[in-house]
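As written in TrEMBL, here are the features:
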type	residues	note
ACT_SITE	CYS224	active site, glycyl thioester intermediate
DOMAIN	1-257	domain 'HECT'
Amino acid sequence: MLEQELDIYDIQSFDPELGKTIIEFQALVNRKKFLETSSRTSNPTADLSYKNVKLEDLCLDFTLPGNPEYELVPGGSEKMVTLESLEEYVSLVVDATLKSGIAKQIEAFKSGISEVLALKTLKMFTEEEMERILCGEQDSWASQNLEDYIDFEHGYDMSSPSIISFLEILHEFGREEQRAFILFTTGAPQLPLGGLVSLDPKLTVVQKQCDGNVDDELPSVNTCRHFIKLPPYSSKEIMRKKLKYAFTEGLGSFHLS
């Protein structure tokens, strides 16, 4: 989009584990080349293991990691990766992941964008700004006063003990917990550009009516209206436990109410 060339280090931005492994493989390739050209090395392959394991013992083939149906070369599922072919393997994985493997999708995406605005206008943005525009906020509410952007209704207000506990819990959430909570309450893994202040409709917490023991109930949500139906739990720790259970185990559940 910004006409900047992607390289091996960009893989980590969307697949940290694959990116880390491919960079380590490239370092092994570079070390092999260095040893082969060093006059002081009598056995160039003596110190060329991957985490103290021979590369061949990893049983890698020429298919895209995580996608065995995608062969990097014809018959790739039958071709094993060796120390001698590692450089080719790394190059093909990078190409499939960042270049030719996504070329059609990138062209389709650019074609869609160009129907709305000229692609050249995007050059005014940095990579970080483009990511925020397209993907939303990465830090959900790191520096925001949550109470300023959340409404409390139907049994709750700012002074309610349950709401005080609720806000404290949200502030204590780590990044992954924040993302899981946002996905649970809005249906999207990240907030729009600007954070909670830009969420429309506004996030609203209401008291959930419970027939039995409130501590046995789970919170529920209306993702279309950004409603959180929160039982008035007897303690902050029970609320934390129930919230985390709801947005980890209950994600994807759909009921009419």
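For all residues, glycine too, the Cβ spot is worked out from N, Cα and C.
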Secondary-structure category, per DSSP, in which the residue listed as 'active site, glycyl thioester intermediate' falls: coil
Local Cβ density at CYS224 (active site, glycyl thioester intermediate) - other Cβ atoms counted within 10 Å: 9
Within the predicted model, mean pLDDT of the domain 'HECT' (1-257): 87
